[in-house]
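Annotated in Swiss-Prot:
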- S109, L110, L111, P112: (6S)-5,6,7,8-tetrahydrofolate binding site (BINDING)
Amino acid sequence: MRVIFMGTPEFSVPVLDALVEAGHEIAAVYCQPPRPAGRGKKDRPTPVHARAEALGLEVRHPVSLKGSEEQQAFAALNADVAVVVAYGLILPQAVLDAPRAGCLNIHASLLPRWRGAAPIHRAIMAGDTHTGICIMQMEAGLDTGPVLLRKETEIGGEETTAALHDRLSLMGARMIVDALATLPDLKAEPQPEAGVTYASKIDKAEAQIDWSVAAEEVDRKIRGLSPFPGAWFEVDGQRLKVLASRLAEGTGAVGTVLDDKLTVACGSGAVELLRLQRAGKAAQDREVFLRGFTLAKGTNLLTAQDAE
């Protein structure tokens, strides 16, 4: 098929690779424009942009698709279908209607649960035991279109957003190839009206760890916000991110470090901190981290935070 690919971050790259490997003709690749990044704040192409150029594909990165000129350029590609995965721009109706089979979206949740920008983070943070991928026929609403294909997967008890992100990306890549191969035979199932939830964009302000809640909630926040933006707490004015954790046994005053394994008492239960990161430093496993930073048994993280 003649395909327009629309995606931007790392999550989208395996999908592009799968479409190329399956022999589809990529008419053009649409992605977000290069943005300033790094210490020098130089414009850096997005992961999809870089991969598309490496594959010798035409790359387009308009700031918007609302203008008639951009819409005409899109329609002129004469595509059979557009495949959209984490593109990041709203698609006007003229764009949705341009390909012969419309626009298919790969969404990382079991719709209608977790419509919106951060379905992987929100599923882990909410304690969901299962999630999945939906291939959806796009329409004007936010992730409201009928579902052509869905597949469910279990969320591991210690799985982070980073790990689940990678698994779902590969799952989506396999599923879109299957969907395009059987597109005329797929039945579009309208999403049920019951069970709708929204995965709002992650706000950095919600990443601070509250040790007074249950250990399960602390652990889910740590795993759900790893690697970005990273759940954090402060000690003596230094912000420390926690990128991996697991539930542990132990009781004590809320926020107290209970042992040399960085087990911290919560409102109920305790969590063991497995991987941490200081500002401006690389992430480190707990044992390596503790060689350069002291968090002794008996330290109360609430008191240490207030002491700054």
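Yeah, the Cβs are placed from backbone N, Cα and C, and that goes for glycine too.
Overlay of Swiss-Prot feature records on the structure.
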residue: S109; record: (6S)-5,6,7,8-tetrahydrofolate binding site; Cβ neighbours (10 Å): 24
residue: L110; record: (6S)-5,6,7,8-tetrahydrofolate binding site; Cβ neighbours (10 Å): 21
residue: L111; record: (6S)-5,6,7,8-tetrahydrofolate binding site; Cβ neighbours (10 Å): 26
residue: P112; record: (6S)-5,6,7,8-tetrahydrofolate binding site; Cβ neighbours (10 Å): 19
Excluding S109, L110, L111, P112 themselves, which residues in that chain have a Cβ inside 8 Å of the centre of the Cβ atoms defining the (6S)-5,6,7,8-tetrahydrofolate site?
H107, R113, W114, R115, P119, G132, C134, D143, V147, R150, Q191, G195
